[in-house]
């Protein structure tokens, strides 16, 4: 007799505050997990970038080399390199182990809001308030970018990269997707300045947040609106949004001190997680586990699901 398949466990949401880290770098402008979720990066208003083990609460290294506040950072697929961008208009490539600056790319006319590596970490893509995305070759000594994407009519707030696509959100209210294989540009008009955009983990959809306090889920290929998510407050700051590790929930920062979780399919609010008094500036979701990092003021918080027990080593 065949037994029925066990039902998949319902997704658990990270709502237990496990750790609070005072980062000691002024206001934390962004928090980012590395590729496997074991470490995280914090970008400080004091011009530094810091690498942490968030579950242990240990600082591993501080990276100094920016001339102004650091606004975004990303790690490479093999954890050997970091890239960062900031208010000094520079894009910096770092060696993780030594903490040294490998290259500094200059060419943007305004602050750099967002940086990403391509899949092989051979190119850094940076988006700036100067309305351009620039692609920098990590291996060449050439000072100029290998390509500039300047279709945006206002500042570029967010860039995400898949194996063959670049997804960009702009203050002009448009999400642009560059298909590098086909050499095509697709554009969807949202109408309000875009603060963040990302791919779903299955690569079928894009999530877009904008300054009308609304998140929208779009079909990546057709641009069809699949869902709208409201309840949070986002009217003046560039706030992060993302999808949970299994694409079950839409997650967003809010200007009222909470992180909001909605059921992706039903659109219903599942959880408004109180973080503190102030704006939740940035968030990062673990790639494979229900683990969330939030940044508020000068601290980051690490959240896990209620049932999570920290082992002695990571406590």
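Every residue, even glycine, has its Cβ placed from backbone N, Cα and C.
Annotated features, as they stand in TrEMBL:
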type   : residues : note
REPEAT : 21-62    : repeat 'WD'
REPEAT : 63-104   : repeat 'WD'
REPEAT : 105-146  : repeat 'WD'
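Within its own chain, the repeat 'WD' (63-104) has Cβ neighbours under 8 Å at 26-27, 29-30, 32, 34-36, 39, 41, 43-51, 110-117, 119-121, 124, 126, 128, 134, 136, 138, counting only residues six or more beyond its boundaries. Note on the repeat 'WD' (21-62): mean pLDDT across this stretch is 97.
Per DSSP, the secondary structure of the repeat 'WD' (21-62) breaks down as 0 helix, 24 strand, 18 coil.
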